[in-house]
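Just lifted these from TrEMBL, have a look:
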- 24-439: domain 'Major facilitator superfamily (MFS) profile' (DOMAIN)
- 81-100: transmembrane segment (TRANSMEM)
- 107-129: transmembrane segment (TRANSMEM)
- 135-155: transmembrane segment (TRANSMEM)
- 167-187: transmembrane segment (TRANSMEM)
- 199-219: transmembrane segment (TRANSMEM)
- 259-278: transmembrane segment (TRANSMEM)
- 298-318: transmembrane segment (TRANSMEM)
- 330-351: transmembrane segment (TRANSMEM)
- 357-378: transmembrane segment (TRANSMEM)
- 390-411: transmembrane segment (TRANSMEM)
Amino acid sequence: MNSAVSHESKGYPSKLRHRTRFLILFICLLCLAISQSNTLTLNFTIICMSTSYNVTSMDFLMNKRILEKRYLYSASESNSLFSAVAIGAITAVYPFMYIIQKTGSHAVVTLVGFFSALTTALIPWMAYLGYYPLLAMRFFQGMGLSTGFTLIGIVTRQWSMQAQGAFFFACLSCFFQLGPIFTMPVSGALCTSSIGWPSVYYVHSLVTILIFTVFFVFYRENPISHKLVTQLELSKIQRGKRETKRQPVPLRQILKDPVVLSIWATALANFMGIQLTMQFSPTYLHKILGFSVKDTGPFSALPQVITAFVKVSAGYSADKLGCCSPNTSVRIFNSLALGGMSLTFLGLAYIPTSHPYMGLWMLVVSCAIIGFNCGGFFRCSAIYAAQHNHFVMGMNSFLNCLAALIAPVFVNFFVKYDTWNECVPVLCKRVASRVDQDG
C-alpha cells in the first residue's frame, strides 16, 4: 500500500472516513463558483453605478470618491465590458491547460484563484479611472475563469467512482448556478446599502481568498497522494477505471473524432443559452419586466437555485438509470436540456411586459431545464474521452468563453435600448399587434 494512503487514519473524523472525495468535490465547487461570481459582479452593479451617492462616511479605499461619481455606459460599451471577460478567459485557457498538463493543477488553479481575487478588488478603482482601465481589468478578471472546466475534468476523472461520474459532473457544473445564487442577492443588498456598490467587489475578493486558501491546503490532484484517503476509499475510486496518470494528449486524433466534435457542437449551443440567461437576467428583469433593483437580485438568483436542484437530481438519475443503454440515456438527457431550453426561449419571446411574473417563471423554467445537460454531453465526454477528458473539458471551457463573447454581440444586434418590442423585430411586432387588438 502507498505510504501516503492510510487505512484507518487516527484522528480522522468518523463521519468523513472513506468520503474524502466529497470534501474535494465540495471545495472545488466553491472555487469554481466564486470564480464565476467574480465575473458576474458587473452584470448587477452596472445597474447601481449610474447613480451617484451622497457619502458622509470616511473615504476608506477611495469608497467616497468612487461613489460620488456616476458611471454611464452606452449599450455597446456595456456589452464590451461583458465580452472582455470572455476574451480574457479564451486567451488564458490553452496556456494554463498546457501548464496543468505539465505540472498538475494544484498550484496553477490556486494562483489563478488569487489573481481573480486581486482583479475583482481593483474593479471599482479602475471604473473611477475611466472606461478603458475598467475594460482592461475586466479582461484580466476573465482569466480567472480559464481553468474551470479543466479542473472539472480532472476532479471527475481522478476523484469520482466509476458509478458516480455524472453525479460529480452535475455537482461541479453547478458552479454556473451557485455563482449567481451568491452574487445576485449579495449585490442587491450591498448596492442599496450605505456602503454602496464597491463593497460588492471587496466582499467577493475576500471570499475568493478564503476559499482558494482552503483549496491550496486540502486539494490534491490524485487521491493516491492525499493523506486523508483510506485504502478502502482508494479502491472504490479506482475500481473499473483505466490508467489515471497524465498521458500525452493525442491531439490530431481527438480533433478528427466525430463523437468529440459532436460533444463540442452541443456544448456551444448549451453555453449560448446559459450565457444569455446568466448575463442578461438582471437587465431583463429590471428594465424589461420592471422589477425593482431590490427584487431583481433574489429574482435573478431564483432560476439558478432551481437549476442546481434539477442538475444534481438529473446527474444522480443518469448514474442510476438502468432501463436503457448509456448511449440512449445521453440522447434523452441531451434532448431534454437543449430542446427544452429552445422551446422556453420561444415562450419568453411571446410573454408581454404586462405579465412580469409569467415572464419570471418562464425564465425559471428555461434555466432549470438545461440542468439535464449533466446526463447528456457532459456524461458522454467523461465516458468517451476517459483519461483525456481534461482536454475535452478544456475545449468546453473555451466554448463557454466563446459563447460569453458572442452572447452580448448577439443581444446588441437585436436590442439597442433595452425595450421589449425590439427583441425579435418580426415576432415582437406580431405579438404587439395582438396585444393591442386584445386591449
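Here the Cβ of each residue, glycine as well, is placed from N, Cα and C on the backbone.
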Test of understanding: applying the rule of at least three C-beta pairs under 8 Å (pairs 6 or more apart in sequence), is the transmembrane segment (259-278) touching the transmembrane segment (199-219)?
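Contact between the transmembrane segment (259-278) and the transmembrane segment (199-219): absent, because fewer than 3 Cβ pairs are under 8 Å.
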Near the transmembrane segment (298-318), which residues from the same chain, at least 6 beyond its ends, have a CB less than 8 A from one of its CBs?
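Tertiary neighbours of the transmembrane segment (298-318) are 44, 166-171, 173-174, 176-181, 183-185, 188, 277, 281-282, 285, 291, 329, 333, 360, 363-364, 366-375, 379.
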Where among 135-155, 330-351, 390-411 do we find the most Cβ pairs under 8 Å to the transmembrane segment (259-278)?
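By the under-8 Å Cβ criterion, the transmembrane segment (259-278) pairs most with 390-411.
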Across the domain 'Major facilitator superfamily (MFS) profile' (24-439), what does the mean pLDDT come to, as a whole number?
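Result for the domain 'Major facilitator superfamily (MFS) profile' (24-439): average pLDDT 81.
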Please indicate, using numbers and ranges, the residues of the same chain that are 6 or more beyond the transmembrane segment (135-155) and have a C-beta under 8 Å from a C-beta there.
24-25, 28, 31-32, 35-36, 38-39, 42, 80-81, 84-89, 91-93, 96-97, 100, 105, 108-109, 112-113, 115-116, 119-120, 122-123, 126, 168-169, 172-173, 175, 221, 381-382, 389-394, 396-397, 400-401
What same-chain residues lie close to the transmembrane segment (81-100): Cβ under 8 Å, and 6 or more beyond its ends?
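Contacts with the transmembrane segment (81-100): 39, 42-43, 46, 73, 108-109, 112, 134-136, 138-147, 150, 154, 279, 390-391, 394, 397-398, 400-405, 407-409.
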